[in-house]
Amino acid sequence: MAAFLGYSPSQWVLLCHRIPRLDFGLESRGNTFQPEVWEYQQTLLVLSSLSALCLLLSLLGVSSSLIGWCCRRRGNHEEVDDSDDDDECDDVTGGHRLCCVTWGTVGAVVICCAAIGIGFYGNSEANDGMYQMTYSLATANHTLSSIDILVSDTVSLLGLAVSDQLTRLEELLSRRDDLIIVARNARRQAEAVIDLLSNLPLQATPPLSAAQLTTQGNYTAENQTESAVTVDWAAQRVGSLEEYRWLSYILLLLLDLLICLFILLALAKETRWLLVLMSSLSWLALFLSWGSLGLETATAVALSDFCVDPDTYILNTTQLDLGVRQDVLEYYLICNKGMRSPFQQRLTQSQRALSNIHAQLTGLEAMAIPQFPQAEKSLSELQQVLNVTEGNFQQLVALLNCRALNKDYLDAIKGLCYDGMEGVLYLSLFSFLSALSFSSLLCTLPRAWDQFHSDSGDYDDSDDDSEDPFGSHQARRQMPTSRAGPSGVLPGFYSYQGGASAPPLSSAPPLSHYMAQNALFSGSPRFESVPLIERQSPPPSYSPSMLTGFGDPQLNSAAGHSRTEFLS
């Protein structure tokens, strides 16, 4: 029937339809779309369990990688405690390891970002397909509702005319037997039209009889076609489910994207707490990715089974659930030019009956009004009802044609089986790539932790305020040793032999030594920041005002005499 439908399954649909099906007992099953059958549900559950198996393998791989990392880390700590002679070789090896870990992490993040882009595209395609299907169902429901409204209005108008105008007209023409016969013929023709329109095969509910319609005088909403209510319910249900599905995938995609971006930020800033947080979220994303892959796999396979031959399933289901005649369903689903409309006979009889009523009312106007002027009002009201009925009847004939509903049906099937199927496949690819990326990230992130530089311990021994603040940490650590002598004791500039003795000046280099160095390095910007040579300070000099500040005059005179001798 696909050739008559104007729809042909895509290659992706045919490929997924050929996937072998196994039940819980590993027995082969058919691929006919039967979602209400337990055996068919088992085949879908078996296909979904493949993602659970992949999740188990992924957890084993990540766990073995973490165990190996823990063992290697403990071995590295023991080797560092035993020997400190291979520091340079360890630095080179650590640099290569850091490079591999960094590029491995960045590669996994890039693959995950590419998967996120594929996921956004697949989610958009699936949403477009479901929106097209929902819109087509809503349009079909509008067509069915319009048919129901036209039928109800026509039947109500004719029922009101039979119970009111025609009854009053018969009472007025009771003295003329020939006129009463004409009025009664018009009454029978109107009741026949009511019966024909009330029993259209499109309706699944038992219609009201002409006597009931004549008694009640209207066609209530309880007599609407059950198919229209069902299509409207399906459109609303599909629309609400699609909103939740679209929002769920948007949140999942944003979660994966934020995890990737913050992992790169943690590696660039070497922030350990952020790396720990992203590692925890990576575990969550790993479970969500494999879980969504299982759901998407079952959805893609079930959708392919439906899209291979959708009209067969719709014919069987609609006929069983709604009780609509099969010829009516085939007329709307196939809509072949050679097919005869199941409404043609009833519409033709109704058209003839309306034409007869119109001719009989015209004859009554010519014969009854000259003798019964009071019947003119009833005849004019009947003519107005007849004109409105004929207009509604023409619209009803146009709406009952198969082309409008068949177009809506084709649009719904194409939206579901083309865009929807493609979107589900792209989402499956996204879930698979993101699951692999997060598995790789969980293996590389602990190794990146080891390569982070420690924020404490390198500045613990830099308490001397006289050290060069721009020198390296190693130079600052070696500074106290270079100042110390062979015995490790710093040489003092003053060595007092007594309370009133002057410090020996023979331990300081002569002044000509410093003057020669000053002349050598003056004017050269290369040596502006060079510390003092040999880490020895020049002898102090005191002004006369400073000398007067000491309390002992004898000590002050001895210090001034020593300074005078040194300068001479």
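Including glycine, each Cβ sits where the backbone N, Cα and C put it.
Remember, it's a predicted structure, so these values are computed and weren't measured experimentally.
The transmembrane segment annotation in TrEMBL covers 44-69 (among others).
Feature annotation from TrEMBL assigns transmembrane segment to 100-121 (among others).
Feature annotation from TrEMBL assigns transmembrane segment to 246-267 (among others).
Using a Cβ-Cβ cut-off under 8 Å and counting only residues 6 or more beyond its ends in the same chain, the transmembrane segment (274-293) has close neighbours at 51-52, 54-55, 58, 249, 252, 255-256, 259, 262-263, 265-267, 427-428, 431-432, 434-435, 438-439, 441-442, 445-446, 448-449. According to TrEMBL, the transmembrane segment annotation covers 274-293 (among others).
Annotated region 'Disordered' per TrEMBL: 456-486 (among others), in sequence order.
Here TrEMBL flags 457-468 as compositional bias 'Acidic residues'.
Under the heading region 'Disordered', TrEMBL lists 530-568 (among others).
Residues or ranges marked as compositional bias 'Polar residues' by TrEMBL: 554-568.
If one looks beyond the transmembrane segment (44-69) by at least 6 residues along the same chain, the residues whose Cβ comes under 8 Å of a Cβ in the stretch are 19, 21-24, 286-287, 290-291, 293-295, 297-298, 301-302, 435, 439, 442-443, 446-447. Tertiary proximity for the transmembrane segment (100-121) is limited to same-chain residues at least six positions away from its ends with a CB under 8 Å from its CB atoms, namely 249, 252-253, 256-257, 260, 263-264, 267, 426-427, 429-434, 436-438, 440-441, 444-445, 447-448, 451.
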